[in-house]
Each structure stands twice: as C-alpha cells, then as structure tokens.
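Worksheet: one structure, shown below.
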Amino acid sequence: MSSSMSADPPSASPSPPPTQDARKTITNNRGWRFWAIFPALCVTALLSALEATVVSNALSTITAELDMGDNYAWVANAFLLTSTAAQPVYGQLADFFGRRWVTISAVALLILGSGIAGGANTGAMLIAGRAIQGIGGGGINMLIDLIICDLVPLRERPKYLGLVAIIFAIGTGMGPFIGGALVQRASWRWVFYINLPIGGVAIVLLFLFLHTNFKPTTFKHSLGRFDYIGSVLVLGSSVAIIFALTYGGSRYAWSSWHVIVPLVLGLIALIGFHGYEASPWVTQPLLPPHLFGNRTSAVAFVATFVQALMFVWVIYFLPIYFQAVLGSSSSRSGVQLLPTVTGIVPFAGIGAAFIEKVGKYRPVHLVGLALMAIGTGTFALLDEKSSTGMWVGLQLLQVAGFAVITTALLPAVQAPLTDKDNATSTAAWAYIRSYGAIWGITIPVAIFNNQFDQRLYKISDPAIQAVLSGGNAYAHGTKEFMSALSPQVRSETVSVFVESLRVVWIVAAAICGASTLLVPLEKEIPMRTELDTEYGYTDEEKKTKKKGEVSLEGV
C-alpha cells in the first residue's frame, strides 16, 4: 500500500498505455450484442450465488455420511480459501488473455469442482472438489463485475451492478431452501450436481454472446509478465490465515501455538505481499500500489471490507438469537432471516438509481454505513420478549444500509482511477470483500464466546456450565439443546445468550460507526459518462477490422 495518500487521481499505471486505436470509447450507441451479454452474466451470477449458500443446509448430512469429524469446516473454508486467493490472479489473467476465455474457464472450473464434490466418497475428495469450485467461483464473482466495468461508463455502472446484485441476492436466498429440498427428496450429491446444467447454460451463453475487444500477445509473452511471487505470497497468506481461523476456538484454543503461528505467519506474508507489490522488482503487480494511493479509493476499500464483514456477522448471529433465545428451529430461523436476504433487492435498486440520477457516491456511503451502525446497534435491544415486528423492522433497517451501498462501492474505488485500471481495481475490490467475509465469523464468535464465558456463573447447573464453557456456547445455541434444559436453567441460559449477543452487536455498531466517520475523507469525483477501454464489447456489425485495430476475442 502506498505510504502517502492524496485526494487527487493517481498517476498512470506502471503498465504502458495502449495506442489510441487500441482503445474503444463507448457511449450510448449500443447494439444487440451488448444487451445479449447480460442474460449470460445473470445466469453466471445465479450459478455463483447458489454455490455460496446451497451447501449450508446439507452440511450435517454430508459430514455424517463421509465421516468427516471436525474437518467439516473445510467444506466451506476450502471454497473460501481458493476463491479469495484466486481473485487478484484473475485480474491479471483477464488483462493478459482477455475477458471472454478467462470467464469461460472460471465457469468450467466451478463445474469440474462440482462434479468432483458430487461424486466424492471421502472427505478429502469432497474438500478437493470444493477447492476447485472456489477457484472457479472466485473468478466468476470478480469477472462479472469487471465485464460490467468494461461495458458501461462509470456513471452507469451502479445500475448494471445492481441488476447482477439482485440476481445474486435471489440465488443466495434460494440456496438454503434448494439445498434442504435436495437432501430430503434426492441426495446431498445433487447439491453439487445442480451446478452442472446451470453451468452448462452459462458457458453456452458466454460463448455465444461475450465477445469483447482484446489486443492479443503471444502466450509466452503473457506468462513472462505474470506476477508469480505475488501469487505465491497471496495464496500462502490466505492458507495460513484461514487455517488459523478455522481451528481457533474449536480444535485448538486461540492461545495455542497451532493457531498463533499460522495466523502470525499469514499476516506477515500478507504484509510482505503488499510490500513486494510496491517494490521495483515487480513490473506487473497483481494489485498495483497506486490503487490504494488516494484517499477516495482507500476509504471505499475500507467500506467494502466493513460491508462484507457485517453481512456475514449478521447472517451468522441472528440465527443464534432466533434459535437459542426465541426457541426457533434451524429451518424456522432461516425463514426469520428472510427480511435480511430479501431486503437486499429493493434497497440495492434504490442506491443504484440515486447514483445514476445524481452522480454522487459519497452521500450513499454516508447513509449506508450510518444505517448499518444504527441497525446493528439496535439489535442489542433484542431479547426473549421482542415481538416479530421488532426483529423484522430492525433487520430491514440494517439491510437498508448494507444494500444501498452495494452498488456504490466499486464505482467509488474506480472514480479516481482510469479505465485501464478496471481489471486490477475490480480484483482488489473483490479480494478485500472476500477478506471481510473471512473475518465476519471469526471476530464475532471470539467476542461472543469470551462474553459468554464471563457470564457462566449466572447459570446454576455446573454440568451445563461445563458444556458451554471454553468456546462451546455458539455451537450449542440450538433449539434442541435449549429445550432439553430445565425451565430455570433454560431461563438463566437465555439471559446469558441475550447479554453476550448484546456485546456482539455493540461492537458491530462501533465498527460501522468508525467507518462512517471516514466517509468525509472521500473526494466526490465526477463520474465519467464515457468509457475509454481496450476491452469493450464489439457489435456483430463491427467485426470487420481495419489495419491496426484490436482483434476480437474468440473470432
């Protein structure tokens, strides 16, 4: 990361600028191919969204059948690990080899991983399949946003990013229900096999319609520019950090060297990665330092991290309130969480419409982060006596803040940059978003378990104290466990859950509030209404090329 920050747009990227006739300025004169690309992107986004949540309701069944023990966490974390580490790499690959074939390859990898996971007869095979899925899924999430950035100018991006975000929200919301239904009516293997037909349709649509400009170079030349050391550092740091976060507080205590050593090594490797990227030794960095060298992009990156952090934070801890405090079943708590999932759609649309109309992102950031702070803070008011209207209303308040800035973050990152930074800036944004999600379960779980242990003395049954101590409270926050307690002990335990959750929500509000205070540091840079890129779409009627023009991908 750059040592100094400026409000002014940074200087040009270290890579040499393409010639003028290698660029394409896109305005509102769009042909049929432009509009045909979006169904392909939406189907691809649906594939990625389903994969993000469809496994959740099937995890216990999968764990039991494959006898995975406490390695079950890697069913989710293997996907998260590889998807996070792959995103910066995809940004560079998309610049070297073009958007079309890199995107198709990402979908193919997700399909391959799905086939391996669906056919797994051991836990190791399942985890390997999930890791391959993650490589594809991470690329899909990043490349869809990148392609939109290549298709439309900055001022219009929130509208199209919002469209894809709505599809993603629908897929994410449907995932747990589809996963549960497949387990009950077919087999858990179809949780993975369902990706094969959807992915097949996505590949066909991408092949037919995703034709973008690309100035080709030799394969050897592209490989020679690749940032191998940066890729190893980012992968190594991700592996070490996620290993520590997976086993910290479960298999090993947080104070154990098994957790501390990989966590410290991972953080050192992460710092080393950013130091290496800023060094003169690398000519084509995965994440160029100038992306972080202005305060507008830097604040937008912080807001991106916090937004991803809070989404996972809420998704993991509201169900604990519903199940342990209100006594809901796991399936019932999924229904109770619907205001958070479905609320994304209208509020994301509102944020996108405002930016397109007014052309300003800073007010959206201010309102969004403030609503997230208020929403998470008011969750601290929830207890066993709270009404349905109260927890529904508070969810809508919080998700309004989360969703309204969904389409305003990437445009703010890119406003001080040039369109030739689209790939690296989108990759950096997606990478930081994934890191926020990684910490979104670890931080609140650590806070919750610590607070619960401090209040164990309020539970009169020593046996229950022993069961819930040492970081085990979160895992026992279920209707089944609470229903087995005597009325007095259940009442005492519910009170401890309420008090511990209250601290979790207060800390969340403090993080959101601190982020809100950073928004005035952003500069309201006019959003470009024209797009100057060498990777834009090409109409069918413009395939005929003149000498010196950019070649067409896949033609």
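Glycine residues also receive a Cβ, built from the backbone N, Cα and C atoms like all the rest.
Annotations in TrEMBL come from automatic prediction, not curation.
It should be emphasised that the depicted structure is a prediction, and the values quoted were computed from it without experimental measurement.
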Of the residue ranges 136-154, 364-382, the one that TrEMBL records as transmembrane segment: 364-382
Tell me which range among 102-121, 502-521 TrEMBL lists as transmembrane segment. 102-121
Using a Cβ distance cut-off of under 8 Å, indicate which of 102-121, 190-214, 226-248, 364-382, 430-448 has the most pairs with the transmembrane segment (297-322). 430-448
Residues sitting near the transmembrane segment (226-248): Cβ under 8 Å, six or more positions beyond its termini, same chain? 73-74, 77, 80-81, 84-85, 88-89, 92, 96, 254, 256, 258-260, 262-263, 265-267, 269-270, 272-273, 276-277, 281-282, 284-287, 431, 438-439, 441-442, 446
Any contact between the transmembrane segment (334-355) and the transmembrane segment (102-121), i.e. 3 or more CB pairs below 8 Å with pairs at least 6 residues apart? no
Best-contacting stretch, by C-beta pairs under 8 Å, relative to the transmembrane segment (72-90) and drawn from 32-52, 160-178, 190-214, 364-382, 430-448: 430-448
Could you pull out which residues elsewhere in the chain have a CB under 8 Å from any CB of the transmembrane segment (160-178), counting only those six or more residues past its ends? 38, 41-42, 45-57, 144-145, 148, 151-152, 194, 334, 338, 341-342, 344-345, 348-349, 351-352, 406-407, 410-411
For the transmembrane segment (102-121), name the stretch out of 32-52, 190-214, 364-382 with the most CB-CB pairs under 8 Å. 190-214
